[in-house]
């Protein structure tokens, strides 16, 4: 036990002294969280810009309540009704400085938009069509027979950070697991530390346990920092239900990705080669697993490939327990799959493992 503790302490000190390892393990993933969290913080508040040329009765005569709701989706710039103002408004639409121009002529509301952005133009057309329909309804003096109320299935306070945090945390755990085991294994082999440990009166169980323990402490530190930063009022992460189940998921994920690192370290002969091989595995896996961006609109073959990647299941399970209120029923199958993955790859790594660099 004493040998295990001393070895763990030595490994932890070595990690703390390695500034590059600390940066890429803790700070680099956190930078992605802070950057993406800031970029997508107000994603839901995106508005369309339209230019209103002169008086448009359906817009000018809107009730205050409807006008207040319109401000959430449209930014209206009103100009005079001259021909020059109309030409200027249409030119803005052509250049992309405005999404649409609206004016009234001969009792008809006319909307001009650019076909270059189908999403924006479709949104503006839908909003203006709704406004015209409501104006026609008010003109008849009859209340509408039906009304549609829409909303998302998530809580009204749901923000993009609810989806970014689990995915980026899974990516951080994957990076720490792969790099922490691969880089150290190659470095120890090249410096002949592995051979000395093998000849020393220390059991292999103590050496492996110390390495796993240090990686788990690093993963827990990543988790604590991620959740603390994401929960700041600026980002607004809201943890739900049995969110603490992310901890056993982190343990299983760390073991799974350490097994990948062991396999990489068994083949790589230099630290540079280990770093390159790890990057080739983790970075594409992060994109294909939806850790950075959702795969809802990805081609079918990408979604099919993602089902075979451990990071996809780790990130999805983390999102389920952190922000969707799920519990053991969702976490346990993923934990079992990650542990099975770790066992298989560790067995393969043990078969090709080399004590010396030669």
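Any Cβ shown, glycine's included, is placed from N, Cα and C.
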Where TrEMBL places transmembrane segment among the ranges 148-167, 168-187, 188-207: 168-187
Of 116-138, 208-230, the range TrEMBL labels transmembrane segment: 208-230
Annotated stretch (transmembrane segment, per TrEMBL) among the listed ranges 96-115, 276-295: 276-295
Interface present between the transmembrane segment (168-187) and the transmembrane segment (242-264) (three or more C-beta pairs under 8 A): yes
